[in-house]
Amino acid sequence: MTGTTDTTAGSRGGAVLVLNSGSSSLKYQLLYPDTGEVVVSGIIERIGETDVPDHGTALRRVFDEFASAGIDLSSIAAVGHRVVHGGRTFHEPTLIDDDVLAEIRRLSSLAPLHNPANVAGIEVARELLPGVDQVAVFDTAFFFHLPDAAATYAIDSAVAEQHALRRYGFHGTSHRYVSERVAEFLGRPYSEVNQIVLHLGNGASASAIRGGRAIDTSMGLTPLEGLVMGTRSGDIDPGLVLHLNRALGMGVDEIDDLLNRRSGLRGLCGENDFRSVRGLIDAGDAAARLAYDVYVHRLRRYIGAYLVELGRVDAITFTAGVGENDPGIRADALAGLERFGIAVDPERNAGRAAVPTRISPDGAEVAVLAVPTNEELAIARDTIALSGG
Ligand code: AMP
């Protein structure tokens, strides 16, 4: 378990515990939704492979750590759960009861790796914190109202309908949080700003948001579609999957592993961490250079598409680990777009963005920004708003 604790903050009431349960990990953060002050945060990894056999044991470990840090469990006002797939059911944060839990479980067919882990986290938290409100915040919710033209795959509509095959989008909590910060930063009503948000982390996605409503996003039925990511391919010809099966005899699990874990930057140059890719490029590594070029090419393709879809764009924003910290990607993604009112000022773009930062020159038609995302804070705020805790 790795964690950090600020024991000076542990005695107040009204903190929200945010849980993000992965298939083999449990990320946790206890924070105050009003100020964003973090009391404690950490991650338990390799659940099932180590002396932590399941999520129940993991959460008990977390609570043991709270106890030894002097944090009283009664200071937890509510628990917010990041839930990956809300399907066509959940379009906003939802107070969890037995029916909601059953529906999240039912949606596991759409997210077989993620939703069962989320369900496990919810069950354990309800058991260990009885009487404390639990809220589900869905990664898909922000994209629930995508226009049909953007959400529909051009496949047999009867098959699609029967099996709920459509584009759902993910990272929604981040896209919503960041786009709201952008409107605040610009001092304009959220409902009036047209924007493109580029969430570039280990996972990566882009969204086009018109007046506070997402009208397109790069991830689809699953988080595999779209941009090149740390280990995921993003867009490929679906015929490639058929070819891998027919011509190479690869089975579905092998293809899954190839596209989700052995592709993207890692597949192209052996490294999925962007800093390592930069290091390789600086050392003259040709594979890393190509990986970077493919990454930038895909990113620019989406930016171009969203410029056209939106027609008028007020802001383009970079966020998440790569977007907040790597000036090079920000400059390369938007190079040569002056005729569209888009420019990046080299001095403003020079560093990491610990706070919302304008990196376009004054007077530019399109504001280019780097804005730190904070999914935990967004989840905590949604949670406290619903629980009234
Ligand atoms: P996230 O998924 O948002 O945590 O982002 C993880 C990604 O951000 C990894 O690929 C990191 O290499 C990348 N990252 C973190 N810090 C930096 C940095 N200072 N420069 C470039 N990339 C970074």
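The chain as shown is numbered from 1 upward.
Cβ atoms here come from the backbone N, Cα and C positions, even for glycine.
Database features (TrEMBL):
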| type | residues | note |
| --- | --- | --- |
| BINDING | Asn20, Glu375 | Mg(2+) binding site |
| BINDING | Lys27, His199, Leu200, Gly201, Asn202, Gly203, Asp273, Phe274, Arg275, Gly321, Val322, Gly323, Glu324, Asn325 | ATP binding site |
| BINDING | Arg82 | substrate binding site |
| ACT_SITE | Asp139 | active site, proton donor/acceptor |
| SITE | His171 | site 'Transition state stabilizer' |
| SITE | Arg232 | site 'Transition state stabilizer' |
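The closest partner of Asn202 (ATP binding site) among the recorded positions, by CA position, is Arg232; the full candidate set was Arg82, Asp139, Arg232. Taking the Cα atom of each, Asn20 (Mg(2+) binding site) and Leu200 (ATP binding site) are about 19 angstrom apart. Using Cα positions, the member of the recorded positions Lys27, Asp139, Leu200, Arg275 nearest to the residue listed as 'substrate binding site' is identified as Asp139.
In this view, Asp273 (ATP binding site) is surrounded by 14 other Cβ atoms within 10 Å of its Cβ, with every protein chain counted.
According to its DSSP assignment, Glu375 (Mg(2+) binding site) is helical.
Residues Asp273, taken from the recorded positions His171, Arg232, Asp273, are distinguished by a CB atom under 6 angstroms from ligand 1. Taking all protein chains in view, 18 other C-beta atoms sit within 10 angstroms of the C-beta of Lys27 (ATP binding site).
When Cα-Cα distances from Glu375 (Mg(2+) binding site) are compared across the recorded positions Lys27, His171, Asp273, Val322, the shortest belongs to His171. Summary for the binding-site residues Asn20, Asn202: the Cβ-based neighbour count within 10 Å is maximal at Asn20. Put simply, the two farthest-apart Cα atoms among Lys27, His199, Leu200, Gly201, Asn202, Gly203, Asp273, Phe274, Arg275, Gly321, Val322, Gly323, Glu324, Asn325, the recorded binders of ATP, are 23 Å from each other. Around Glu324 (ATP binding site), taking its Cβ as the centre, 19 other Cβ atoms fall within 10 Å, counting all chains. Per-site Cβ counts within 10 Å over the recorded positions Asp139, Glu375 peak at Asp139. Between the CA atoms of the residue listed as 'active site, proton donor/acceptor' and Asp273 (ATP binding site) there is a gap of 23 Å, rounded to the nearest whole number.
With a cut-off of 8 Å between CB atoms and residues at least 6 apart in sequence, the same chain places Gly203, Pro223, Leu224, Leu259, Asn260, Arg261, Ser263, Gly264 near Arg232 (site 'Transition state stabilizer'), listed in sequence order. Neighbour density around each Cβ, counted as other Cβ atoms within 10 Å, peaks among the recorded positions Arg82, His171, Arg275 at His171.
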